[in-house]
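Participant: Quick one: this structure, given as structure tokens, is what I'll be asking you about.
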Amino acid sequence: MSFNLIVDQGNSACKVAFIRNNGIESISFLPGKAGQALSHLVAPHRFDKAIYSSVGLPDEEAEAIVRSCAAASLMMGTETPVPLRLQYDRRTLGADRLAAVVGAHSLYPNTELLVIDAGTAITYERVSAEGIYLGGNISPGLHLRFKALHLFTGRLPLIDPSGISPKIAEYGSSTEEAITAGVIHGLAGEIDRYIDDLHAKEGRSAVILTGGDANYLARIIRSGILIHPDLVLLGLNRILEYNV
């Protein structure tokens with residue numbers, strides 16, 4: 001029984017979770033670096049354990065805050081032990097990717113897993129039923145595909161995918177529709193291919209989708225999936241409990 005603080009520093013924002021007895025009690029989003037906003041958020045609380053993780057260079061101020069507000073703390077690094085065996089160069093593996101697969105394996109042990117994190121980039125991670133991280137792939141995310149077509153061509157417009165319906169025509173009847181159909185159908189086909197390969201090769205298996213675009217992508221993928229938007233936070237909590 002513990003009350004834990006999870007601080008996940010991303011590229012443009014910081015996600016802070018309070019987890020009590022392995023269940024998420026609250027999640028807060030802090031723009032930019034955590035700093036003073038984090039200090040105000042955690043000030044009324046005293047945590048049993050705390051973990052700080054960053055996809056880039058660590059924020060020393062945030063690390064100091066995390067250390068000061070808990071009885072025991074952990075700064076996530078490339079040498080931090082995790083409850084998985086890794087077949088990947090740990091030095092090049094992002095903390096968010098690692099936390100996602102740890103979280104997935106903790107939720108679905110003894111299961112062949114494909115973990116899809118749909119953010120700026122889309123990552124595809126494979127975890128064996130025995131708890132071995134077999135590796136992963138990285139692909140451009142939904143928004144990045146639209147931006148690339150606009151930035152690296154002469155006249156193609158920028159399409160905002162935020163308002164696009166999941167029901168897309170097979171072929172477009174305008175340039176805007178053609179871009180939309182090409183990106184959406186292409187991405188859906190890519191994801192379905194990974195899922196089909198998993199199910200064809202493995203018996204008991206599960207596909208877990210997380211990340212900012214997870215809910216939208218779940219509506220365009222024909223294969224059955226499980227959605228866990230807070231997978232990285234759950235994984236960081238599992239790593240914290242494993243070490244402290």
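Using N, Cα and C of the backbone, Cβ positions are placed for all residues, glycine too.
The following feature annotations were taken from Swiss-Prot:
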- Asp8, Gln9, Gly10, Asn11, Ser12, Ala13, Cys14, Lys15, Thr120: ATP binding site (BINDING)
- Gly94, Ala95, Asp96, Arg97, Thr175: substrate binding site (BINDING)
- Asp96: active site, proton acceptor (ACT_SITE)
- Asp117: K(+) binding site (BINDING)
Participant: For Asp117 (K(+) binding site), what is the tally of other C-beta atoms lying within 10 angstroms of its C-beta?
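Facilitator: Asp117 (K(+) binding site) is surrounded by 28 other Cβ atoms within 10 Å.
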Participant: How long is the line from the C-alpha of Asp96 (substrate binding site) to the C-alpha of Asp8 (ATP binding site), rounded to the nearest angstrom?
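Facilitator: With distance taken Cα to Cα, Asp8 (ATP binding site) is 8 Å from Asp96 (substrate binding site).
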Participant: Setting Asp8, Gln9, Gly10, Asn11, Ser12, Ala13, Cys14, Lys15, Thr120 aside, what same-chain residues sit with their Cβ within 8 Å of the center of the Cβ atoms that define the ATP site, listed in sequence order?
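Facilitator: The surrounding set, listed in chain order, is Val55.
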Participant: Under 8 Å Cβ to Cβ from Thr175 (substrate binding site), same chain, six or more residues apart: give me those in sequence order, or none if nothing qualifies.
Facilitator: Leu156, Pro157
Participant: Count, for each of the binding-site residues Asp8, Ser12, Cys14, Ala95, Thr120, the other C-beta atoms lying within 10 angstroms of its own C-beta, and report the residue with the smallest count.
Facilitator: Ser12
Participant: Let me know how many other Cβ atoms fall within 10 Å of the Cβ of Asp96 (substrate binding site).
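Facilitator: Counting Cβ neighbours of Asp96 (substrate binding site) within 10 Å gives 25.
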Participant: Tell me the coarse DSSP state (helix, strand, coil) of Asp96 (substrate binding site).
Facilitator: helix
Participant: Residues with Cβ closer than 8 Å to the Cβ of Gly10 (ATP binding site), same chain and 6+ apart in sequence?
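Facilitator: Gly10 (ATP binding site) has long-range Cβ partners Val55, Asp96.
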Participant: What Cα-Cα separation, expressed in whole Å, is found between the residue listed as 'K(+) binding site' and Ser12 (ATP binding site)?
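Facilitator: Per the Cα atoms, the residue listed as 'K(+) binding site' and Ser12 (ATP binding site) stand 17 Å apart.
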Participant: Can you tell me how spread out the ATP site is, meaning the largest CA to CA distance among Asp8, Gln9, Gly10, Asn11, Ser12, Ala13, Cys14, Lys15, Thr120, in Å?
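Facilitator: 16 Å is the greatest Cα spacing among the residues binding ATP.
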Participant: Can you give me the Cα-Cα distance between Ala95 (substrate binding site) and Asp8 (ATP binding site) in Å, rounded to a whole number?
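Facilitator: Checking the Cα atoms of Ala95 (substrate binding site) and Asp8 (ATP binding site) gives a distance of 9 Å.
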Participant: Measuring Cα to Cα, how many angstrom lie between Thr120 (ATP binding site) and Arg97 (substrate binding site)?
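Facilitator: If we compare the Cα positions of Thr120 (ATP binding site) and Arg97 (substrate binding site), the gap is 13 Å.
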Participant: Which of the binding-site residues Asp8, Ser12, Cys14 has its Cα nearest to the Cα of Gly94 (substrate binding site)?
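Facilitator: Looking at Cα distances from Gly94 (substrate binding site), the smallest one goes to Asp8.
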